[in-house]
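Asker: Mind looking over this structure? Questions follow.
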């Protein structure tokens, strides 16, 4: 009987060691009590210098979680041993905010060295970015560890491009355990931030489900010819690009979605009713966005003895 108990405990320990431990909102409450205040002050400082940075940090978390789970892999620089995710098509010349994550990591290492993962720092920075830009807040689940590798091909295949149609979006989100409602709510993150001309040029010049005056105004900064003005920026939400609100959905109802993938959410398909709901009820959007962010943060985290706690977010230990 005693030997069976020992065996059972050994198996239990093995299971935990293999990374099946659960994320929790109080993971660092004793090991790094100053974590939240440290992250928030650094994010606040970065957003004060450039309001767009909040959207960039939110996007980093999204692009991390959609590639082999929320494991900090997007933060790794390329090395001679592997090609990371930073130069994948969805990230090259567009993913940004890495220096802010570096600054947060440096500050966190000062108050509790070797304790907090870069993957968790990304999750907290995304939450704080939304909240600082007048959006909701939530209790972030923590306990992720950092990946020791990254995959450019997984990033190319895993992150939905702005050319995606509705079925492709639903399918990709569903594969990660995210519902159609989660998809629409998370797309509402486009209520902040900007996009490059290369991401919306084809929509401006080739699509008919776009409000005429909106298209005309955007064309002034995004010429038809490829190679001219490719990196010129336009706000994803015309009205309040630095405030987290529901104007993104109001724009979609008026055919003023900047990206093809944005307008696909309101184009006579199954998500029209969700978009209308969020356009008329900002509280409903906020609450569904929070639920979807928490669900997204649960995608395939490394826990227990898997992965590592990186000292520098750009390279493995």
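Placed from the backbone N, Cα and C atoms, the Cβ positions cover glycine too.
What TrEMBL records for this protein is below:
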- 1-21: signal peptide (SIGNAL)
- 32-112: disulfide bond (DISULFID)
- 59: site 'Transition state stabilizer' (SITE)
- 63: active site, proton acceptor (ACT_SITE)
- 64, 67, 69, 71, 73, 85: Ca(2+) 1 binding site (BINDING)
- 65-70: disulfide bond (DISULFID)
- 118-313: disulfide bond (DISULFID)
- 197-222: disulfide bond (DISULFID)
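How about a rundown of where these features are and what they're close to?
Answerer: On its own chain, residue 112 (disulfide bond) has 28, 31, 32, 34, 35 as residues at least 6 apart in sequence with a Cβ closer than 8 Å to its own Cβ.
Sequence-distant neighbours of residue 59 (site 'Transition state stabilizer'): residues of the same chain at least 6 apart with a C-beta under 8 Å from its C-beta are 95, 97, 189, 193.
Its own atom aside, the Cβ of residue 63 (active site, proton acceptor) has 22 Cβ atoms within 10 angstroms in the protein chains shown.
Neighbour list (residue 71 (Ca(2+) 1 binding site), Cβ cut-off 8 Å, at least 6 residues apart, same chain): 64, 119, 144, 145, 146, 147, 300, 301, 302, 307.
A 10 Å cutoff on Cβ-Cβ distances gives residue 118 (disulfide bond) a total of 30 other Cβ atoms nearby, all chains included.
Sequence-distant neighbours of residue 222 (disulfide bond): residues of the same chain at least 6 apart with a C-beta under 8 Å from its C-beta are 197, 200, 201, 204, 229, 232, 234.
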Asker: How long is the line from the C-alpha of residue 118 (disulfide bond) to the C-alpha of residue 70 (disulfide bond), rounded to the nearest angstrom?
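Answerer: Roughly 10 Å, rounded to the nearest whole number.
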Asker: Counting across all protein chains shown, how many other Cβ atoms sit within 10 Å of the Cβ of residue 65 (disulfide bond)?
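Answerer: A 10 Å sphere around the Cβ of residue 65 (disulfide bond) contains 30 other Cβ atoms.
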Asker: Taking the Cβ of residue 197 (disulfide bond) as the centre, how many other Cβ atoms fall within a 10 Å radius?
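Answerer: Its Cβ has 20 other Cβ atoms within 10 Å.
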Asker: Looking at the recorded positions 63, 65, 70, 313, whose Cα is closest in space to that of residue 85 (Ca(2+) 1 binding site)?
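Answerer: Of the recorded positions 63, 65, 70, 313, 63 has its Cα closest to that of residue 85 (Ca(2+) 1 binding site).
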Asker: Can you tell me the CA-to-CA distance separating residue 70 (disulfide bond) and residue 313 (disulfide bond), as a whole number of Å?
Answerer: 14
Asker: Taking each of the binding-site residues 64, 85 in turn and counting other Cβ atoms within 10 Å of its Cβ, which one has the fewest?
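Answerer: Taking 64, 85 as the binding-site residues, the minimal 10 Å Cβ count falls on 85.
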Asker: Rank the recorded positions 67, 313 by the number of other Cβ atoms within 10 Å of each Cβ and report the first-ranked residue.
Answerer: 67
